[in-house]
Amino acid sequence: MARSRRLGQLGLIAVAIIWGNGFVASSLALAYFNPFQILAIRFTLAFVVLVVLNLKRLRTLKKPTVIKSAFLGVILYLAFMFQTIGLQYTTPSRNAFLTAVNVVIVPFLGLLIFRKKIPIKGLIGAIVSFLGIAFISLDTSKLTFLNRGDVLTLVCACFFALHIFFTDIFVKEDQAWAITLIQMGGAAACSLLMLVFNGGTMPSLSQQSLVPVLYLGLISTLVAYFLQTYSQMYTTSSEAAVILSTEAFFGMLGAVLLLNEVVNLQMIIGAILIFLGILIVELKPKAKKLSEGEERI
């Protein structure tokens, strides 16, 4: 059990690294496509590849699995949609910071929906990681009251938290490949509908634009979400939320190495706080079980 949990944690760290570098890929892709086109490409590409890889297993899909996974896909797309729209009315730093509020929201979802106790270390670790993301992402010189974009981004954070929370539940009941395939199909359907609704079309791919969209579609979406789904079979939702919050740190690292951004003291403090939050969650007595502290009230 301990080994499986460790593998789950390592898998989530890999997901955070992939998503962190997804910021770099998205930055490069935005030079060729608009946000709705990017979402349509990444989810459609991931879904098509998953269907091809699992053709022989499609007939084994069960209706309850399809319904639950499609529900996850809708939540996932709504999270990205509100994030994209919110970015039109607020700054990228505020958008990133407010999206990260999902780290703090996840434990409270368990309390509100299933009346699960919030593990004190999980809550403290989430808050510390949240503060770390604030140091990395927030430009304090431009801090103002919430505007329309900020509110939309907070809605996005709620959907990301819901996705982590319900993924944690569904992976205990269904296979990771089935959940990943159907949720990508649901997200792809939503993205194509929204693309048409906004009067857009699927763009043509050039050699220059191919690399970032392939990364977003195959690595950042297909591989990352399968790995997240599989890894959450062996971790708690609060633990997953904290580990995935390191996405901000890896995004910063990718920007420094690949986009030549300059690291300042604020970024370094943020990175330290994020990893401190993870340590707070992880440092538990060996005798305690994974599920301890998450019993029903």
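Each Cβ is built from the backbone N, Cα and C atoms, and glycine gets one as well.
Any TrEMBL annotation is an automated prediction that lacks curation.
Feature annotations, courtesy of TrEMBL:
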DOMAIN    7-137  domain 'EamA'
TRANSMEM  12-33  transmembrane segment
TRANSMEM  39-58  transmembrane segment
TRANSMEM  70-90  transmembrane segment
TRANSMEM  96-114  transmembrane segment
TRANSMEM  121-139  transmembrane segment
DOMAIN    148-281  domain 'EamA'
TRANSMEM  151-171  transmembrane segment
TRANSMEM  178-197  transmembrane segment
TRANSMEM  209-228  transmembrane segment
TRANSMEM  240-259  transmembrane segment
TRANSMEM  265-283  transmembrane segment
Averaged pLDDT, computed only over the residues in the domain 'EamA' (7-137): 84
Contact call for the transmembrane segment (240-259) and the transmembrane segment (151-171): at least 3 Cβ pairs under 8 Å, seq gap 6+: yes
Interface-richest range of 12-33, 39-58, 70-90, 209-228 toward the transmembrane segment (151-171), CB pairs under 8 Å: 70-90
Residue counts (helix, strand, coil, in that order) that DSSP gives for the domain 'EamA' (148-281): 108 helix, 0 strand, 26 coil
DSSP-assigned states of the domain 'EamA' (7-137) in counts, ordered helix, strand, coil: 112 helix, 1 strand, 18 coil
